[in-house]
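Peer 1: TrEMBL lists 12-33, 45-70, 91-113, 133-152, 164-183, 189-211, 311-330, 342-368, 380-400, 406-422, 443-460, 466-486 with the feature transmembrane segment.
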Amino acid sequence: MIPRKSRRKAAVWGLMFSYSSIVYAIISGIALVPLYLRHIPLDLYGAWLATGNVLVWLTVVDPGIASVITQRAGVAYGKKDNLALMGYTTAGLLITLGICVFIVGTGWGISFYLPDWVNLSNESTSIILRKAFLMAISGTAIMILSYALSAVNYGMLGSLGPGIVGVISSFGSLIVIAVLIFADYGLYAIAAGFLFRGSGLLLGNSGYLLWRLHKEGIKPAFSISKFGEVLSLLSFTSIGKVGTTFSSHMDAFLISRFIGPETVAVYVLTKRSFNIGETLLNRTGQAVGVGISHLSGEGDYVKIRSVIRRLIKLNIWMLGLAFGGFLSLNKTFVSLWVGEEFFAGTLISSLLCFYLVSRVMLTVMSSLCVSLGDIKRSSVVIFTYSILVFAILLAGIYYLGILGAIIAPLVGYSVVYFWYYPKSLSKRARLIKSDWIEFGIEVIKAATCAILLSFFFFFYQPAQWLLFGLAAGTYALSYGLLICSVSKEARVEFSSLLTVIAAKVREIKHARAR
């Protein structure tokens, strides 16, 4: 029997490993792209990017089971209810296994029609696309099964083991992709990376879960009542998952259908840095989510309110940094990375800045609400948002092209999400009016700092990566100094961070001295 895990350590390890996944995303989504463009024909690569939407559509049959299991397992683990914990675990695994079989079978059937859907007429490239898609869908199904296992691991506050598994699997897949690309396997190299990563995650997470159950003396069990409870919750989360999947992953497909696969490459590559930024900024909310569920199980709402207040303010400051940085430097980044011909324009890039800020803040709020048990109503709200966005997306891309793909989610956020999530979070985390006033003040401070700095950097277009790095670093440092000068709470948080870092450095020095 081993002692129960610490919430703080679980959150810290989870955050650290989640940032390692950012490195993976940067390498796979940024560093390797010029290599893809040299070894894969542009029309085939554009079609592949469009089929990424189709790949995600197939996962719509996964009703969001990982988030449900993480939340329920976290509450059960917090209450030390091992029978409930295993009931949720077995229910999640059985349901996910059936989902994975369905995804592979459906993907095989769809693959025959895929080239026509994305306007790929060449027969030889169509065959390549179909085979690569089948490899990718198999890898995706394996990953979904692994996520059900990791959901239980995270619910049990196990972040270190799954984190190591994720790092090895992810970076191992990059090696596989690079080796196969240089061996002239083209698009198959990317698909093989899906298979390798999924297999590594499945083996690693299953091994870690079995080890934890053995060490903590938790015996396998099946509960009809917990199985029914999970199915009941999934009936609601599936509504939100269906809506989110189609509204968030329809843009590239519609652009390919209405305009052409080459335009997909321009859109996706202009947006790629924002996707990386979104992944990075969402990590803090995901890292503390399990701890919030654990605290909810213990009924410690004073601690919950304190943690959420700090988390939201941290996200406000970070989003200010991201907003100004992307506003002033994204064009230069795309031009240096793949060429100015792949930049969709200043208007599109500027709107993407507002999209990023809105999406990240609302995603953090949504994750916190789910961690606190708001699963059913949140799912209905997500579905409502998705119907609205899908309608706007369809008409927007048809009449406005790429611009319509950015406008659609912004309208949805304004009409639906900004109305619901602040209200739900206030109720469940017991936030009060003064908390939201403080958040508003910090938003004004962060936005002012970001916009002022972006004016200085917007017209500076460095022609080399070194100069770009210096510009980005100068902007980040300037923003940090500016936000700390106008926000007392930002100064306190930054000072606390420096204190923790200094303490860790001293510990390392003392350990080496001994």
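Cβ atoms are placed via backbone N, Cα and C, with glycine included.
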Peer 1: Are there at least 3 C-beta pairs under 8 angstroms linking the transmembrane segment (311-330) and the transmembrane segment (133-152), leaving out pairs fewer than 6 apart in sequence?
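Peer 2: They do not touch: fewer than three Cβ pairs between the two stretches lie under 8 Å.
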Peer 1: Counting Cβ pairs closer than 8 Å, which of 164-183, 380-400, 466-486 has the most of them with the transmembrane segment (311-330)?
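Peer 2: Of the candidates 164-183, 380-400, 466-486, 466-486 scores highest.
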Peer 1: Same chain, outside the transmembrane segment (164-183) by at least 6, Cβ under 8 Å from its Cβ: which residues?
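Peer 2: For the transmembrane segment (164-183), the list is 17, 20-21, 24, 27-28, 32, 35-36, 39, 150, 189-190, 192-194, 196-201, 204-205, 208.
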